[in-house]
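Notes to accompany the following structure.
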Amino acid sequence: MSPRANGADGHPHGGGGRQDRGRSGDGGNGRPRAEKGRSRAGRGPAGRDGREARRREHPAADPAREAARDTLRAVRERDAYANLVLPRLLRERRISGRDAAFATELTYGACRALGLLDAVIEACAGRALDRIDPPVLDALRLGVYQLLRTRVAPHAAVSTTVDMVVADNGRGAGGFANAVLRRASEKTDQQWIAQLTPPPESAPVAASAFRHTHPTWIAQAFADALGPAAGELDAALEADNVSPRVHLVARPGAISAEELALVTGGEEGRYSPYAVYLDGGDPGELDPVREGLAAVQDEGSQLVARAVTVAPLDGPDGGRWLDLCAGPGGKAALMGAVAEIDGARVDAVEPLEHRADLVRRTTGDLPVTVHTADGRDSGLTPGYDRILVDAPCTGLGALRRRPEARWRKGPQDVTDLTRLQRELLGAAAALVRPGGVIVYATCSPHLAETAGIAADAQRRHGLTPLDARTLLPDMPGLGDGPFVQLWPHRHGTDGMFLAALRK
Ligand SMILES: C[S@@+](CC[C@H](N)C(=O)[O-])C[C@H]1O[C@@H](n2cnc3c(N)ncnc32)[C@H](O)[C@@H]1O
(Lines of atoms letter the chains of each structure in order from A and count residues from 1; the text may use other names and numbers.)
(Lines give C-alpha, C1' and ligand atoms only; values in the text may rest on other atoms or scores of the structure.)
Protein backbone atom coordinates (compact mmCIF):
# COMPACT_ATOMS: atom_id res chain seq x y z
CA MET A 1 0.00 0.00 0.00
CA SER A 2 1.23 3.48 -0.76
CA PRO A 3 1.84 6.00 2.03
CA ARG A 4 -0.69 8.22 0.28
CA ALA A 5 -3.44 6.24 1.96
CA ASN A 6 -2.19 6.76 5.47
CA GLY A 7 -3.63 9.68 7.38
CA ALA A 8 -2.38 13.26 7.57
CA ASP A 9 1.31 12.57 7.65
CA GLY A 10 1.01 9.85 5.06
CA HIS A 11 2.55 7.30 7.37
CA PRO A 12 1.34 5.65 10.56
CA HIS A 13 4.52 6.62 12.43
CA GLY A 14 5.01 9.95 10.74
CA GLY A 15 3.37 12.50 13.04
CA GLY A 16 6.34 13.70 15.04
CA GLY A 17 4.99 17.12 15.93
CA ARG A 18 8.23 18.75 17.05
CA GLN A 19 7.89 22.48 17.70
CA ASP A 20 11.47 23.64 17.26
CA ARG A 21 11.55 24.12 13.51
CA GLY A 22 13.03 27.17 11.85
CA ARG A 23 16.35 27.45 13.62
CA SER A 24 19.28 28.30 11.48
CA GLY A 25 21.50 25.44 10.33
CA ASP A 26 24.59 27.18 11.63
CA GLY A 27 25.23 28.08 15.19
CA GLY A 28 25.92 31.74 14.57
CA ASN A 29 29.57 31.39 13.64
CA GLY A 30 29.13 30.03 10.13
CA ARG A 31 29.91 26.54 11.28
CA PRO A 32 27.00 24.17 10.89
CA ARG A 33 25.54 22.50 13.92
CA ALA A 34 26.53 19.12 12.60
CA GLU A 35 30.20 20.01 12.88
CA LYS A 36 29.86 21.86 16.15
CA GLY A 37 27.97 18.97 17.67
CA ARG A 38 30.61 16.55 16.66
CA SER A 39 33.54 18.57 17.90
CA ARG A 40 32.22 19.89 21.23
CA ALA A 41 32.97 17.99 24.38
CA GLY A 42 30.02 16.76 26.42
CA ARG A 43 27.92 15.83 23.37
CA GLY A 44 28.67 12.16 23.69
CA PRO A 45 31.03 10.19 21.53
CA ALA A 46 30.97 10.80 17.78
CA GLY A 47 31.14 8.09 15.11
CA ARG A 48 29.77 4.57 15.06
CA ASP A 49 30.16 3.89 18.83
CA GLY A 50 28.43 7.13 19.70
CA ARG A 51 25.61 6.43 17.26
CA GLU A 52 25.10 2.98 18.68
CA ALA A 53 25.11 4.25 22.27
CA ARG A 54 22.52 6.89 21.32
CA ARG A 55 20.44 4.29 19.55
CA ARG A 56 20.32 2.17 22.68
CA GLU A 57 18.99 5.21 24.55
CA HIS A 58 16.40 5.87 21.79
CA PRO A 59 15.01 2.52 20.64
CA ALA A 60 13.42 2.35 17.17
CA ALA A 61 10.27 4.47 17.05
CA ASP A 62 9.91 4.51 13.32
CA PRO A 63 10.84 1.09 11.97
CA ALA A 64 10.11 1.84 8.29
CA ARG A 65 12.30 4.93 8.12
CA GLU A 66 15.01 3.28 10.18
CA ALA A 67 15.07 0.28 7.84
CA ALA A 68 15.38 2.70 4.90
CA ARG A 69 18.19 4.59 6.65
CA ASP A 70 20.08 1.39 7.48
CA THR A 71 19.76 0.18 3.90
CA LEU A 72 21.13 3.46 2.53
CA ARG A 73 24.01 3.14 4.93
CA ALA A 74 24.78 -0.44 3.82
CA VAL A 75 24.69 0.69 0.18
CA ARG A 76 27.09 3.53 0.93
CA GLU A 77 29.47 1.78 3.31
CA ARG A 78 29.68 -1.72 1.89
CA ASP A 79 28.58 -1.37 -1.72
CA ALA A 80 25.56 -3.52 -0.79
CA TYR A 81 22.55 -3.94 -3.07
CA ALA A 82 19.47 -2.18 -1.71
CA ASN A 83 17.11 -4.81 -3.08
CA LEU A 84 18.94 -7.55 -1.19
CA VAL A 85 19.54 -5.66 2.08
CA LEU A 86 16.08 -4.16 2.55
CA PRO A 87 14.00 -7.35 2.26
CA ARG A 88 16.36 -9.04 4.75
CA LEU A 89 16.02 -6.14 7.23
CA LEU A 90 12.24 -6.16 6.86
CA ARG A 91 12.17 -9.89 7.59
CA GLU A 92 14.57 -9.69 10.55
CA ARG A 93 12.71 -6.76 12.11
CA ARG A 94 9.29 -8.22 11.31
CA ILE A 95 8.24 -5.14 9.41
CA SER A 96 5.29 -5.88 7.14
CA GLY A 97 2.21 -4.37 5.52
CA ARG A 98 2.11 -0.61 5.19
CA ASP A 99 5.40 -0.12 7.00
CA ALA A 100 7.18 -2.48 4.62
CA ALA A 101 5.62 -0.79 1.58
CA PHE A 102 6.62 2.63 2.90
CA ALA A 103 10.19 1.51 3.67
CA THR A 104 10.45 0.07 0.15
CA GLU A 105 9.18 3.19 -1.54
CA LEU A 106 11.51 5.39 0.50
CA THR A 107 14.59 3.27 0.01
CA TYR A 108 14.29 2.49 -3.68
CA GLY A 109 12.97 5.93 -4.50
CA ALA A 110 15.82 7.68 -2.69
CA CYS A 111 18.42 5.38 -4.27
CA ARG A 112 17.12 6.13 -7.76
CA ALA A 113 16.70 9.86 -7.22
CA LEU A 114 20.08 10.37 -5.56
CA GLY A 115 21.34 12.90 -8.14
CA LEU A 116 18.38 15.20 -7.59
CA LEU A 117 18.30 14.74 -3.80
CA ASP A 118 22.00 15.53 -3.48
CA ALA A 119 21.72 18.62 -5.67
CA VAL A 120 18.86 19.90 -3.49
CA ILE A 121 20.74 19.11 -0.27
CA GLU A 122 23.85 20.88 -1.53
CA ALA A 123 21.83 23.94 -2.52
CA CYS A 124 20.09 24.04 0.87
CA ALA A 125 23.16 23.25 2.98
CA GLY A 126 25.29 25.79 1.12
CA ARG A 127 28.23 23.42 1.10
CA ALA A 128 29.61 20.41 -0.71
CA LEU A 129 28.22 17.00 0.12
CA ASP A 130 31.61 15.72 1.24
CA ARG A 131 31.43 18.23 4.06
CA ILE A 132 28.30 16.60 5.46
CA ASP A 133 28.66 13.71 7.89
CA PRO A 134 27.68 10.66 5.77
CA PRO A 135 25.09 9.24 8.23
CA VAL A 136 23.45 12.68 8.37
CA LEU A 137 23.49 12.79 4.58
CA ASP A 138 21.69 9.40 4.45
CA ALA A 139 18.93 10.76 6.68
CA LEU A 140 18.71 14.01 4.68
CA ARG A 141 18.32 12.07 1.44
CA LEU A 142 15.37 10.21 2.92
CA GLY A 143 13.90 13.41 4.34
CA VAL A 144 14.19 15.34 1.07
CA TYR A 145 12.76 12.38 -0.84
CA GLN A 146 9.71 12.43 1.42
CA LEU A 147 9.31 16.17 0.93
CA LEU A 148 9.60 16.10 -2.85
CA ARG A 149 8.29 12.75 -3.95
CA THR A 150 5.73 11.47 -1.44
CA ARG A 151 2.58 12.85 0.09
CA VAL A 152 3.97 12.58 3.60
CA ALA A 153 3.06 15.88 5.25
CA PRO A 154 6.09 18.22 5.24
CA HIS A 155 6.06 18.69 9.03
CA ALA A 156 6.16 14.91 9.45
CA ALA A 157 8.94 14.44 6.89
CA VAL A 158 11.02 17.09 8.68
CA SER A 159 10.34 16.06 12.26
CA THR A 160 10.85 12.33 11.78
CA THR A 161 14.12 12.95 9.95
CA VAL A 162 15.36 15.40 12.56
CA ASP A 163 14.42 12.99 15.34
CA MET A 164 16.40 10.27 13.63
CA VAL A 165 19.43 12.52 13.16
CA VAL A 166 19.31 13.67 16.80
CA ALA A 167 19.09 10.09 18.03
CA ASP A 168 22.00 9.03 15.83
CA ASN A 169 24.22 12.06 15.63
CA GLY A 170 23.29 14.43 18.41
CA ARG A 171 21.42 17.72 18.74
CA GLY A 172 23.89 19.80 16.73
CA ALA A 173 23.45 17.60 13.70
CA GLY A 174 19.69 17.67 14.26
CA GLY A 175 19.67 21.47 14.02
CA PHE A 176 21.62 21.36 10.77
CA ALA A 177 19.26 18.74 9.32
CA ASN A 178 16.28 20.81 10.39
CA ALA A 179 17.60 23.89 8.57
CA VAL A 180 18.38 21.98 5.36
CA LEU A 181 14.97 20.30 5.30
CA ARG A 182 13.11 23.54 6.00
CA ARG A 183 14.80 25.09 2.98
CA ALA A 184 14.16 22.04 0.84
CA SER A 185 10.46 22.18 1.74
CA GLU A 186 10.15 25.71 0.36
CA LYS A 187 9.96 24.39 -3.24
CA THR A 188 8.23 21.49 -4.93
CA ASP A 189 9.95 18.70 -6.81
CA GLN A 190 9.24 20.42 -10.14
CA GLN A 191 10.46 23.79 -8.89
CA TRP A 192 13.73 22.29 -7.70
CA ILE A 193 14.15 20.46 -11.01
CA ALA A 194 13.50 23.69 -12.92
CA GLN A 195 16.04 25.53 -10.76
CA LEU A 196 18.81 22.94 -10.84
CA THR A 197 18.56 21.36 -14.31
CA PRO A 198 21.41 22.29 -16.68
CA PRO A 199 20.18 24.50 -19.57
CA PRO A 200 18.48 22.16 -22.10
CA GLU A 201 19.46 24.39 -25.05
CA SER A 202 23.19 23.97 -24.49
CA ALA A 203 23.22 20.62 -22.64
CA PRO A 204 20.13 18.64 -23.71
CA VAL A 205 21.42 15.22 -22.65
CA ALA A 206 22.64 16.46 -19.25
CA ALA A 207 19.24 18.10 -18.77
CA SER A 208 17.40 14.85 -19.52
CA ALA A 209 19.79 12.96 -17.28
CA PHE A 210 19.12 15.34 -14.38
CA ARG A 211 15.35 15.36 -14.88
CA HIS A 212 15.20 11.57 -14.84
CA THR A 213 17.92 11.19 -12.21
CA HIS A 214 20.68 9.43 -14.16
CA PRO A 215 24.37 10.26 -14.50
CA THR A 216 24.99 12.17 -17.73
CA TRP A 217 27.36 9.55 -19.16
CA ILE A 218 24.61 6.92 -19.01
CA ALA A 219 22.07 9.23 -20.64
CA GLN A 220 24.63 9.94 -23.37
CA ALA A 221 25.15 6.18 -23.89
CA PHE A 222 21.37 5.71 -24.24
CA ALA A 223 21.14 8.64 -26.67
CA ASP A 224 23.97 7.19 -28.77
CA ALA A 225 22.31 3.76 -28.85
CA LEU A 226 18.92 5.24 -29.74
CA GLY A 227 20.56 7.08 -32.64
CA PRO A 228 17.83 8.51 -34.88
CA ALA A 229 15.28 7.68 -32.16
CA ALA A 230 17.09 9.85 -29.60
CA GLY A 231 13.77 11.67 -29.10
CA GLU A 232 12.86 8.66 -26.94
CA LEU A 233 15.65 9.46 -24.49
CA ASP A 234 13.33 10.82 -21.79
CA ALA A 235 11.10 7.73 -22.00
CA ALA A 236 14.12 5.41 -21.95
CA LEU A 237 15.51 7.07 -18.82
CA GLU A 238 12.15 7.26 -17.06
CA ALA A 239 11.60 3.52 -17.62
CA ASP A 240 14.50 2.90 -15.21
CA ASN A 241 12.55 4.62 -12.45
CA VAL A 242 9.76 2.05 -12.50
CA SER A 243 10.09 -1.40 -10.94
CA PRO A 244 9.48 -4.05 -13.60
CA ARG A 245 6.67 -6.60 -13.58
CA VAL A 246 7.75 -10.12 -12.73
CA HIS A 247 8.20 -12.28 -15.84
CA LEU A 248 8.00 -16.08 -15.60
CA VAL A 249 9.34 -18.51 -18.16
CA ALA A 250 7.28 -21.63 -18.80
CA ARG A 251 9.84 -24.34 -19.34
CA PRO A 252 9.28 -25.84 -22.83
CA GLY A 253 8.25 -29.47 -22.63
CA ALA A 254 7.12 -29.06 -19.00
CA ILE A 255 4.28 -26.52 -19.14
CA SER A 256 2.91 -24.10 -21.74
CA ALA A 257 2.66 -20.36 -21.18
CA GLU A 258 -1.10 -20.68 -21.50
CA GLU A 259 -1.28 -23.27 -18.71
CA LEU A 260 1.15 -21.31 -16.56
CA ALA A 261 -0.92 -18.14 -16.95
CA LEU A 262 -4.04 -20.07 -15.93
CA VAL A 263 -2.45 -21.65 -12.87
CA THR A 264 -0.79 -18.44 -11.64
CA GLY A 265 -3.45 -15.93 -12.61
CA GLY A 266 -0.82 -14.18 -14.74
CA GLU A 267 -1.00 -12.86 -18.28
CA GLU A 268 0.65 -14.50 -21.28
CA GLY A 269 3.67 -12.53 -22.54
CA ARG A 270 3.49 -10.37 -25.62
CA TYR A 271 6.58 -11.67 -27.39
CA SER A 272 8.22 -14.76 -25.95
CA PRO A 273 6.12 -17.91 -26.44
CA TYR A 274 7.27 -18.96 -22.96
CA ALA A 275 6.53 -15.74 -21.04
CA VAL A 276 3.90 -15.02 -18.39
CA TYR A 277 3.63 -11.66 -16.62
CA LEU A 278 2.70 -11.45 -12.93
CA ASP A 279 1.46 -8.33 -11.18
CA GLY A 280 2.75 -9.11 -7.72
CA GLY A 281 3.20 -11.68 -5.04
CA ASP A 282 6.16 -13.90 -4.31
CA PRO A 283 6.83 -16.06 -7.39
CA GLY A 284 8.85 -18.49 -5.23
CA GLU A 285 5.57 -19.49 -3.57
CA LEU A 286 3.92 -20.59 -6.82
CA ASP A 287 3.56 -24.35 -7.32
CA PRO A 288 4.89 -24.42 -10.93
CA VAL A 289 7.99 -22.51 -9.79
CA ARG A 290 8.51 -24.76 -6.75
CA GLU A 291 8.14 -27.82 -8.96
CA GLY A 292 10.67 -26.54 -11.52
CA LEU A 293 8.16 -26.23 -14.37
CA ALA A 294 8.64 -22.46 -14.48
CA ALA A 295 11.12 -19.86 -13.23
CA VAL A 296 11.54 -16.12 -12.98
CA GLN A 297 13.23 -14.79 -16.14
CA ASP A 298 12.96 -11.48 -17.94
CA GLU A 299 11.20 -11.82 -21.29
CA GLY A 300 14.18 -10.24 -23.09
CA SER A 301 16.46 -12.96 -21.73
CA GLN A 302 13.98 -15.59 -22.89
CA LEU A 303 14.08 -14.11 -26.39
CA VAL A 304 17.89 -14.20 -26.45
CA ALA A 305 18.05 -17.86 -25.35
CA ARG A 306 15.33 -18.77 -27.83
CA ALA A 307 17.17 -16.95 -30.65
CA VAL A 308 20.16 -19.25 -30.09
CA THR A 309 17.95 -22.30 -30.58
CA VAL A 310 16.16 -21.07 -33.75
CA ALA A 311 19.02 -19.36 -35.66
CA PRO A 312 19.41 -20.89 -39.14
CA LEU A 313 22.62 -22.91 -39.55
CA ASP A 314 24.45 -23.69 -42.71
CA GLY A 315 24.18 -27.48 -42.72
CA PRO A 316 22.46 -29.81 -40.26
CA ASP A 317 22.39 -29.19 -36.51
CA GLY A 318 24.68 -31.75 -34.91
CA GLY A 319 23.18 -30.99 -31.49
CA ARG A 320 26.34 -29.49 -29.89
CA TRP A 321 25.28 -26.28 -28.19
CA LEU A 322 27.33 -24.07 -25.87
CA ASP A 323 26.58 -21.32 -23.34
CA LEU A 324 29.98 -19.69 -22.79
CA CYS A 325 29.02 -17.33 -19.90
CA ALA A 326 26.36 -19.32 -18.14
CA GLY A 327 26.01 -18.22 -14.49
CA PRO A 328 23.53 -18.20 -12.85
CA GLY A 329 21.95 -20.35 -15.56
CA GLY A 330 18.66 -18.80 -16.66
CA LYS A 331 19.44 -18.95 -20.37
CA ALA A 332 21.26 -22.29 -20.06
CA ALA A 333 18.08 -23.74 -18.53
CA LEU A 334 15.89 -22.49 -21.37
CA MET A 335 18.39 -23.67 -23.98
CA GLY A 336 18.58 -27.01 -22.12
CA ALA A 337 14.81 -27.44 -22.15
CA VAL A 338 14.68 -26.84 -25.91
CA ALA A 339 17.74 -29.06 -26.40
CA GLU A 340 15.92 -31.89 -24.63
CA ILE A 341 13.07 -31.60 -27.14
CA ASP A 342 15.45 -31.27 -30.13
CA GLY A 343 17.76 -34.07 -29.07
CA ALA A 344 20.70 -31.70 -28.50
CA ARG A 345 23.11 -31.22 -25.54
CA VAL A 346 24.35 -27.99 -23.96
CA ASP A 347 27.78 -27.33 -22.46
CA ALA A 348 27.64 -24.46 -19.97
CA VAL A 349 30.83 -22.61 -18.94
CA GLU A 350 31.17 -20.42 -15.86
CA PRO A 351 34.45 -19.53 -14.13
CA LEU A 352 33.10 -18.72 -10.66
CA GLU A 353 32.54 -21.89 -8.63
CA HIS A 354 29.49 -20.61 -6.75
CA ARG A 355 27.86 -19.43 -9.96
CA ALA A 356 28.69 -22.71 -11.70
CA ASP A 357 26.87 -24.41 -8.80
CA LEU A 358 23.87 -22.16 -9.44
CA VAL A 359 23.89 -23.26 -13.09
CA ARG A 360 23.94 -26.92 -11.97
CA ARG A 361 20.99 -26.27 -9.67
CA THR A 362 19.06 -24.27 -12.28
CA THR A 363 19.53 -26.81 -15.07
CA GLY A 364 18.86 -29.86 -12.86
CA ASP A 365 18.16 -32.94 -14.95
CA LEU A 366 18.21 -31.18 -18.33
CA PRO A 367 20.85 -32.26 -20.88
CA VAL A 368 23.31 -29.60 -19.69
CA THR A 369 26.92 -30.23 -18.63
CA VAL A 370 28.44 -27.49 -16.49
CA HIS A 371 32.18 -26.71 -16.74
CA THR A 372 33.86 -24.49 -14.18
CA ALA A 373 36.28 -22.72 -16.51
CA ASP A 374 37.24 -19.41 -18.07
CA GLY A 375 35.39 -19.05 -21.35
CA ARG A 376 38.53 -17.63 -22.99
CA ASP A 377 40.40 -20.84 -22.32
CA SER A 378 37.74 -23.48 -21.68
CA GLY A 379 39.60 -26.50 -23.05
CA LEU A 380 36.40 -27.58 -24.86
CA THR A 381 36.64 -29.27 -28.26
CA PRO A 382 35.69 -26.99 -31.16
CA GLY A 383 32.82 -27.85 -33.53
CA TYR A 384 29.77 -26.33 -31.80
CA ASP A 385 26.65 -25.71 -33.88
CA ARG A 386 25.22 -22.95 -31.66
CA ILE A 387 27.01 -20.76 -29.12
CA LEU A 388 25.62 -18.13 -26.78
CA VAL A 389 28.05 -15.48 -25.49
CA ASP A 390 25.98 -13.66 -22.88
CA ALA A 391 28.92 -11.52 -21.91
CA PRO A 392 29.64 -9.86 -18.56
CA CYS A 393 28.64 -6.22 -19.11
CA THR A 394 27.80 -2.97 -17.33
CA GLY A 395 24.15 -3.98 -16.99
CA LEU A 396 22.99 -0.53 -18.15
CA GLY A 397 19.95 -2.26 -19.67
CA ALA A 398 18.74 -3.49 -16.28
CA LEU A 399 19.07 -0.36 -14.14
CA ARG A 400 15.39 -0.59 -13.22
CA ARG A 401 16.21 -3.74 -11.23
CA ARG A 402 18.96 -2.25 -9.02
CA PRO A 403 17.92 1.13 -7.62
CA GLU A 404 21.44 2.30 -6.71
CA ALA A 405 23.31 0.78 -9.67
CA ARG A 406 23.32 3.83 -11.94
CA TRP A 407 25.33 5.88 -9.42
CA ARG A 408 27.84 3.16 -8.76
CA LYS A 409 29.02 2.55 -12.30
CA GLY A 410 31.35 4.71 -14.35
CA PRO A 411 32.67 4.95 -17.90
CA GLN A 412 35.80 3.09 -16.78
CA ASP A 413 33.64 -0.02 -16.25
CA VAL A 414 32.90 -0.04 -19.97
CA THR A 415 36.59 0.14 -20.84
CA ASP A 416 37.39 -2.69 -18.42
CA LEU A 417 34.67 -4.95 -19.84
CA THR A 418 35.10 -4.45 -23.57
CA ARG A 419 38.44 -6.26 -23.61
CA LEU A 420 36.91 -9.31 -21.90
CA GLN A 421 33.90 -9.17 -24.23
CA ARG A 422 36.18 -9.12 -27.31
CA GLU A 423 38.21 -12.04 -26.00
CA LEU A 424 35.14 -14.15 -25.17
CA LEU A 425 33.67 -13.57 -28.61
CA GLY A 426 37.05 -14.47 -30.12
CA ALA A 427 37.05 -17.73 -28.14
CA ALA A 428 33.52 -18.48 -29.38
CA ALA A 429 34.65 -17.86 -32.97
CA ALA A 430 37.30 -20.53 -32.49
CA LEU A 431 34.81 -23.01 -30.98
CA VAL A 432 31.96 -22.68 -33.49
CA ARG A 433 32.01 -24.88 -36.61
CA PRO A 434 31.87 -23.39 -40.11
CA GLY A 435 28.18 -22.71 -40.79
CA GLY A 436 27.42 -22.56 -37.05
CA VAL A 437 26.01 -19.48 -35.30
CA ILE A 438 27.16 -17.39 -32.35
CA VAL A 439 24.63 -15.19 -30.56
CA TYR A 440 26.44 -12.36 -28.77
CA ALA A 441 24.28 -10.70 -26.11
CA THR A 442 24.61 -8.08 -23.39
CA CYS A 443 22.17 -6.57 -20.96
CA SER A 444 23.36 -3.13 -21.98
CA PRO A 445 22.69 -0.77 -24.87
CA HIS A 446 26.14 0.89 -24.63
CA LEU A 447 27.50 0.85 -28.22
CA ALA A 448 31.04 0.04 -27.10
CA GLU A 449 29.78 -3.21 -25.52
CA THR A 450 27.26 -4.06 -28.22
CA ALA A 451 27.55 -3.14 -31.92
CA GLY A 452 31.22 -2.18 -31.41
CA ILE A 453 32.15 -5.67 -30.17
CA ALA A 454 30.02 -7.49 -32.77
CA ALA A 455 31.41 -5.42 -35.68
CA ASP A 456 34.95 -5.94 -34.43
CA ALA A 457 34.38 -9.75 -34.35
CA GLN A 458 33.06 -9.69 -37.92
CA ARG A 459 36.30 -8.12 -39.09
CA ARG A 460 38.72 -10.11 -36.96
CA HIS A 461 37.16 -13.55 -37.24
CA GLY A 462 35.45 -13.43 -40.64
CA LEU A 463 31.94 -13.84 -39.17
CA THR A 464 28.83 -12.90 -41.16
CA PRO A 465 25.97 -11.14 -39.38
CA LEU A 466 22.48 -12.61 -39.70
CA ASP A 467 19.48 -10.32 -39.38
CA ALA A 468 18.78 -10.85 -35.67
CA ARG A 469 15.26 -9.42 -36.11
CA THR A 470 14.30 -12.63 -37.93
CA LEU A 471 15.20 -14.65 -34.80
CA LEU A 472 12.61 -12.84 -32.71
CA PRO A 473 8.86 -13.17 -32.85
CA ASP A 474 6.98 -10.36 -34.57
CA MET A 475 7.97 -7.32 -32.49
CA PRO A 476 7.78 -3.58 -33.13
CA GLY A 477 10.70 -1.23 -32.67
CA LEU A 478 13.58 -3.52 -33.62
CA GLY A 479 15.38 -0.94 -35.77
CA ASP A 480 17.07 -1.51 -39.13
CA GLY A 481 19.10 -4.60 -38.21
CA PRO A 482 21.19 -6.60 -38.44
CA PHE A 483 21.63 -6.25 -34.68
CA VAL A 484 18.76 -5.85 -32.24
CA GLN A 485 18.47 -3.64 -29.18
CA LEU A 486 15.51 -4.24 -26.88
CA TRP A 487 14.41 -1.40 -24.57
CA PRO A 488 12.41 -1.35 -21.34
CA HIS A 489 10.38 1.67 -22.52
CA ARG A 490 9.53 0.05 -25.88
CA HIS A 491 9.24 -3.62 -25.11
CA GLY A 492 8.85 -3.87 -21.34
CA THR A 493 11.92 -6.15 -21.31
CA ASP A 494 15.38 -5.47 -19.98
CA GLY A 495 17.59 -3.62 -22.46
CA MET A 496 19.08 -6.73 -24.07
CA PHE A 497 21.28 -6.45 -27.16
CA LEU A 498 21.75 -9.37 -29.53
CA ALA A 499 23.84 -10.01 -32.60
CA ALA A 500 23.80 -13.31 -34.52
CA LEU A 501 27.05 -14.09 -36.30
CA ARG A 502 27.60 -17.06 -38.61
CA LYS A 503 31.03 -18.54 -39.29
C1 LIG B 1 25.57 -11.71 -17.99
S2 LIG B 1 26.04 -12.99 -16.97
C3 LIG B 1 25.35 -14.38 -17.76
C4 LIG B 1 23.90 -14.62 -17.40
C5 LIG B 1 23.43 -16.02 -17.79
N6 LIG B 1 23.64 -16.28 -19.19
C7 LIG B 1 21.98 -16.25 -17.44
O8 LIG B 1 21.12 -16.06 -18.30
O9 LIG B 1 21.72 -16.62 -16.30
C10 LIG B 1 27.72 -13.16 -17.34
C11 LIG B 1 28.42 -14.33 -16.66
O12 LIG B 1 29.71 -14.44 -17.21
C13 LIG B 1 30.58 -14.87 -16.21
N14 LIG B 1 31.97 -14.61 -16.61
C15 LIG B 1 32.79 -13.64 -16.17
N16 LIG B 1 34.00 -13.80 -16.74
C17 LIG B 1 33.92 -14.87 -17.55
C18 LIG B 1 34.85 -15.53 -18.37
N19 LIG B 1 36.11 -15.12 -18.47
N20 LIG B 1 34.44 -16.65 -19.02
C21 LIG B 1 33.16 -17.07 -18.93
N22 LIG B 1 32.24 -16.47 -18.15
C23 LIG B 1 32.61 -15.37 -17.47
C24 LIG B 1 30.12 -14.12 -14.99
O25 LIG B 1 30.59 -14.74 -13.81
C26 LIG B 1 28.60 -14.19 -15.15
O27 LIG B 1 28.10 -15.29 -14.48
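Any Cβ shown, glycine's included, is placed from N, Cα and C.
In the shown protein chains, 26 other C-beta atoms lie within 10 A of the C-beta of CYS443 (active site, nucleophile). The active site, nucleophile feature in TrEMBL is assigned to CYS443.
According to TrEMBL, the feature S-adenosyl-L-methionine binding site maps to CYS325, ALA326, GLY327, PRO328, GLY329, GLY330, LYS331, GLU350, ASP374, ASP390. CYS325 (S-adenosyl-L-methionine binding site) falls within neither a helix nor a strand when secondary structure is assigned with DSSP, and so counts as coil.
The compositional bias 'Basic and acidic residues' feature in TrEMBL is assigned to 46-70.
TrEMBL lists 222-503 with the feature domain 'SAM-dependent MTase RsmB/NOP-type'.
If you look up TrEMBL, you'll see 1-70 marked as region 'Disordered'.
Around GLY329 (S-adenosyl-L-methionine binding site), taking its Cβ as the centre, 27 other Cβ atoms fall within 10 Å, counting all chains. Neighbour counts of Cβ atoms within 10 Å were compared for the binding-site residues CYS325, GLY327, LYS331, ASP374, and the top value is held by LYS331. Binding-site extent for S-adenosyl-L-methionine: residues CYS325, ALA326, GLY327, PRO328, GLY329, GLY330, LYS331, GLU350, ASP374, ASP390, maximum pairwise Cα distance 19 Å (rounded to the nearest whole number).
Rounded to a whole number, the C-alpha distance linking CYS325 (S-adenosyl-L-methionine binding site) with CYS443 (active site, nucleophile) is 13 angstrom.
Between the CA atoms of ASP374 (S-adenosyl-L-methionine binding site) and CYS443 (active site, nucleophile) there is a gap of 20 Å, rounded to the nearest whole number.
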